[in-house]
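As written in Swiss-Prot, here are the features:
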- 1-24: signal peptide (SIGNAL)
- 25-570: topological domain 'Extracellular' (TOPO_DOM)
- ASN255: N-linked glycosylation site (CARBOHYD)
- ASN311: N-linked glycosylation site (CARBOHYD)
- ASN342: N-linked glycosylation site (CARBOHYD)
- ASN394: N-linked glycosylation site (CARBOHYD)
- ASN451: N-linked glycosylation site (CARBOHYD)
- ASN478: N-linked glycosylation site (CARBOHYD)
- ASN498: N-linked glycosylation site (CARBOHYD)
- PRO527, LEU528, THR529, ARG534, SER700, ASP744: glycine binding site (BINDING)
- 571-591: transmembrane segment (TRANSMEM)
- 592-648: topological domain 'Cytoplasmic' (TOPO_DOM)
- 649-669: transmembrane segment (TRANSMEM)
- 670-828: topological domain 'Extracellular' (TOPO_DOM)
- ASN690: N-linked glycosylation site (CARBOHYD)
- 829-849: transmembrane segment (TRANSMEM)
- 850-984: topological domain 'Cytoplasmic' (TOPO_DOM)
- 947-984: region 'Disordered' (REGION)
- 974-984: compositional bias 'Polar residues' (COMPBIAS)
Amino acid sequence: MAAAFAYRWLLCAAGIVNVLPIGAQRHTASDNPSTYNIGGVLSNSESELHFHTTIAHLNFDQQYVPRKVTYYDKTIRMDKNPIKTVFNVCDKLIEKRVYAVVVSHEQTSGDLSPAAVSYTSGFYSIPVIGISSRDAAFSDKNIHVSFLRTVPPYYHQADVWLELLSHFLYTKVIIIHSSDTDGRAILGRFQTTSQTYYDDVDVRATVELIVEFEPKLESFTEHLIDMKTAQSRVYLMYASTEDAQVIFRDAGEYNMTGEGHVWIVTEQALHANNTPDGVLGLQLEHAHSDKGHIRDSVYVLASAIKEMISNETIAEAPKDCGDSAVNWESGKRLFQYLKSRNITGETGQVAFDDNGDRIYAGYDVINIREHQKQHLVGKFSYDSLRAKMRMRINDSEIIWGGKQKRKPEGIMIPTHLKVLTIEEKPFVYVRRMGDDEFRCEPDERPCPLFNASDATTNEFCCRGYCIDLLIELSKRINFTYDLALSPDGQFGHYILRNNTGAMTLRKEWTGLIGELVNERADMIVAPLTINPERAEYIEFSKPFKYQGITILEKKPSRSSTLVSFLQPFSNTLWILVMVSVHVVALVLYLLDRFSPFGRFKLSHSDSNEEKALNLSSAVWFAWGVLLNSGIGEGTPRSFSARVLGMVWAGFAMIIVASYTANLAAFLVLERPKTKLSGINDARLRNTMENLTCATVKGSSVDMYFRRQVELSNMYRTMESNNYVTAEQAIQDVKKGKLMAFIWDSSRLEYEASKDCELVTAGELFGRSGYGVGLQKGSPWTDAVTLTILEFHESGFMEKLDKQWIFHGHVQQNCELFEKTPNTLGLKNMAGVFILVGVGIAGGVGLIIIEVIYKKHQVKKQKRLDIARHAADKWRGTIEKRKTIRASLAMQRQYNVGLMARQPPGTISLAVDKRRYPRLGQRLGPERAWPGDAADVLRTRRPYDLTKSGLVPPALGLGKTRPQQNPLPPRYSPGYTSDVSHLVV
């Protein structure tokens with residue numbers, strides 16, 4: 001309140017001065033001035049002398065002063081009365097046309113006098129360079145429009161705090177600050193800078209508690225009670241020297257300054273007379289070196305004026321405080337040039353930020369030892385090679401609270417932890433206790449469902465990979481625990497939820513992660529995959545098991561189809577074999593037919609010589625050789641055909657041998673292959689209707705697919721198929737309802753080793769690991785990580801793998817099952833038997849067709865025979881009549897011839913050669929050859945013609961066997977009725 005009242009008086013005084021009738025004169029020139037007055041409001045005569053000497057030396061430094069330019073100093077003494085200071089600035093500095101003012105003051109006199117100089121000079125746009133003022137108020141450019149300083153403000157120490165926390169790896173802190181402007185400024189600076197600072201470092205510090213107190217403390221006990229219940233034991237304090245004494249006094253009474261507690265304080269608090277041992281504090285380098293800051297401020301001003309002269313025209317500075325209309329634009333431009341300076345001075349690297357505050361200021365890190373001795377243990381200084389600030393700490397020189405040499409953990413480490421897990425075979429098996437059970441088995445641990453509001457009894461027992469890991473961890477790093485199951489059975493994912501009474505969406509975690517983020521649990525020991533989304537909100541130990549993502553599917557069925565015996569050859573090869581059989585048969589037939597030794601028989605050849613090969617016999621021969629059946633007949637006769645037959649036999653031998661060998665490979669040693677080749681399988685990337693794949697909703701695998709742009713199409717397809725738990729998905733894979741389940745490789749490899757019908761497809765992708773989850777900034781993170789690394793080195797993790805995941809005996813049985821030849825059964829060879837059955841049925845069918853066809857042919861032949869018999873009978877009747885007529889005519893002529901005693905002539909008769917035809921001989925008359933009567937008699941059937949007088953007995957034809965019912969001969973005139981040729 002006093003400071004605000006004083007500021008109002010300063011503003012009133014500045015207004016009074018502005019209306020004084022002193023008279024104003026403006027000066028503008030096209031050329032830059034050759035002389036420049038630099039004002040100084042200094043605290044003592046020594047500073048005034050040094051200011052005068054510095055400007056005198058500056059005039060001889062051609063690097064900063066152009067030719068024909070001279071600097072002059074105009075100084076006044078800083079008055080503790082700010083109103084007097086305002087009048088002195090107007091009368092003794094502005095009236096002398098000063099282009100800038102350098103101001104310093106005694107640290108004990110307060111900062112009101114520099115503020116008066118800043119107000120007055122700023123009204124006329126005259127730059128003011130402070131060399132001792134460090135209050136946060138001077139950073140407000142709405143008030144101190146032309147003020148910049150070669151010393152940093154107090155609240156810039158927050159930057160050094162962040163460097164120290166990063167160096168000591170402290171992740172959780174408590175900030176103690178006063179409620180004044182500087183106290184709130186340092187808190188704001190810490191929170192703002194940490195947002196960008198921690199983007200470049202691995203360790204992020206969070207503020208667990210903020211303690212704000214009113215200045216001029218009398219007691220700090222009430223705040224210490226809250227601080228003691230917090231987890232953090234690192235205190236960052238901004239307080240005045242007087243307030244720091246009260247805080248240290250009360251903190252000592254609560255034993256909060258001893259072993260395990262870390263205090264990092266600002267410059268003012270470091271000078272308290274009761275600062276505890278082990279406190280770390282900051283001290284600005286050259287903080288009390290007015291000479292160094294005077295020199296740096298003068299040279300910064302000279303550098304800015306030189307650059308401004310080379311770039312633009314500088315108007316003369318204002319000369320009168322009475323002219324309120326003065327607007328010195330050159331002063332505003334000069335202030336911008338000053339802020340852009342970056343030079344190496346006596347106090348280090350001198351540069352300014354947008355507020356005109358010094359940056360690159362160096363700090364000493366002070367460690368308080370016994371009897372309030374200050375010991376330098378580090379520096380925060382500018383690194384010219386990297387062009388940035390760098391922290392250097394000698395850790396071995398630090399004495400911590402309680403006179404400890406070892407760095408405290410910085411947090412209160414609880415020894416009894418709330419540990420959560422989740423059912424996930426083989427890492428965690430969950431068993432419900434029976435009604436008659438009162439305790440779990442020795443290798444099990446009680447694990448009730450986690451419910452903060454319901455103290456349920458231990459109804460479940462847990463065992464497995466993670467439980468054994470938890471038991472061993474608790475032994476190694478010495479903590480006790482209460483184990484509980486996930487409240488909703490999920491690992492957890494974040495959802496957007498509306499805040500009550502607000503329009504904004506808030507990201508909220510569920511499941512195990514949610515309990516850890518909300519600090520309702522201390523640790524998660526489960527197959528928890530490490531991924532970026534989770535690592536942003538919780539801590540992870542180093543992986544206790546490395547794994548990735550893979551695909552689980554059911555093996556293709558090993559049962560053979562009815563045409564399994566055809567598998568050794570491809571369809572193309574079978575077609576070629578079938579074509580080859582008939583082509584070879586055709587060529588054999590042609591070779592045997594056109595061979596001179598195949599078709600024609602020799603004249604002297606035996607009648608039993610084998611006949612030439614016909615086409616049907618050639619086909620039979622080709623098939624017989626191919627099927628290795630005996631060939632009893634129908635073999636090639638020619639040499640060329642027999643050569644081809646031998647070649648065909650060799651071909652058949654190779655084909656049959658190859659078929660037999662491949663048949664064994666397909667039916668006896670067949671090993672099923674996976675359907676999918678991996679995540680890059682085209683059927684997964686372009687999912688078809690008959691291929692379903694899924695994962696678990698909200699899991700790490702689900703998050704992985706969301707991150708991968710190239711898998712977005714696949715994720716959109718599978719999103720609707722995702723399951724709530726992995727157990728449900730695995731059961732559906734076994735039942736064949738789900739073709740591919742995408743999940744952590746450790747679980748799927750376990751399932752595949754347990755069930756020989758399951759197999760993992762393709763290579764691992766999305767490689768990661770399982771880690772122990774802890775709260776952000778948990779004190780157990782490092783201890784758990786180091787212990788897990790020791791477990792890896794000692795072989796303990798490998799032992800857990802063999803015991804719980806791989807199940808060596810089961811996996812060996814699966815491999816034995818895969819390598820054991822299948823015993824051929826009816827299912828394997830059913831096709832062959834069916835083929836034989838088809839052959840038998842075909843043969844029976846063909847014989848039935850043949851019988852039916854034969855019956856039809858017999859009936860047809862019978863009808864033809866009847867018709868032929870009728871025709872023959874009719875023809876016989878006609879011929880008989882013709883024969884009788886011819887016989888009568890011949891007899892008459894014969895009789896006439898006898899009477900004329902002429903020798904008999906030749907006649908042509910058609911007679912039946914035999915009375916009874918031979919078997920198979922066609923019925924009907926045959927044409928006899930022309931001849932005499934004797935010829936006729938010789939061809940007639942034995943008949944006694946002596947009675948008829950036609951043939952005398954002397955012909956010697958009487959020797960005939962007796963005939964019953966002798967029939968007369970039938971004469972036929974050779975199928976013609978013309979008998980004119982007959983000669984008697």
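Cβ coordinates are placed from backbone N, Cα and C, and glycine is handled just like the others.
LEU528 (glycine binding site) sits 64 Å from ASN311 (N-linked glycosylation site), taking the Cα positions as reference. ASN311 (N-linked glycosylation site) sits 55 Å from ARG534 (glycine binding site), taking the CA atoms of both as reference points. For the binding site of glycine, formed by PRO527, LEU528, THR529, ARG534, SER700, ASP744 according to the record, the largest Cα to Cα distance is 16 Å, rounded to a whole number. Note on proximity: among PRO527, THR529, ARG534, SER700, ASP744, the binding-site residues of the record, the Cα nearest ASN255 (N-linked glycosylation site) is that of ARG534.
Of the listed recorded positions, namely ASN255, ASN342, ASN394, ASN478, THR529, the sparsest CB environment within 10 A is found at ASN478.
Comparing Cα positions, ASP744 (glycine binding site) lies closest to ASN478 out of the glycosylation sites ASN342, ASN394, ASN478. Under a cutoff of 8 A between CB atoms, and with a sequence separation of 6+ in the same chain, the neighbours of PRO527 (glycine binding site) are ILE422, GLU424, PHE427, VAL428, TYR465, CYS466, LYS545, ASP744, SER746, ARG747, TYR770. A straight line from the CA of THR529 (glycine binding site) to the CA of ASN478 (N-linked glycosylation site) spans 25 Å. Neighbour counts were taken as the number of other C-beta atoms within 10 angstroms of each residue's C-beta; across the recorded positions ASN311, SER700, the minimum falls on ASN311. Taking the Cβ of ASP744 (glycine binding site) as centre and 10 Å as the limit, one finds 27 other Cβ atoms among all the protein chains shown. Each residue contributes its Cα atom, and for ARG534 (glycine binding site) and ASN394 (N-linked glycosylation site) those atoms are 35 Å apart. Neighbours of the glycine site: apart from PRO527, LEU528, THR529, ARG534, SER700, ASP744, residues of the same chain with C-beta atoms within 8 angstroms of the site's C-beta centroid are PHE491, ILE530, ASN531, SER699, SER768, TYR770. When Cβ neighbours within 10 Å are tallied across all protein chains shown, the highest count among the binding-site residues LEU528, ARG534 belongs to LEU528. For the topological domain 'Extracellular' (25-570), the mean pLDDT of the prediction comes to 88. In the three-state DSSP classification, ASN478 (N-linked glycosylation site) falls within coil.
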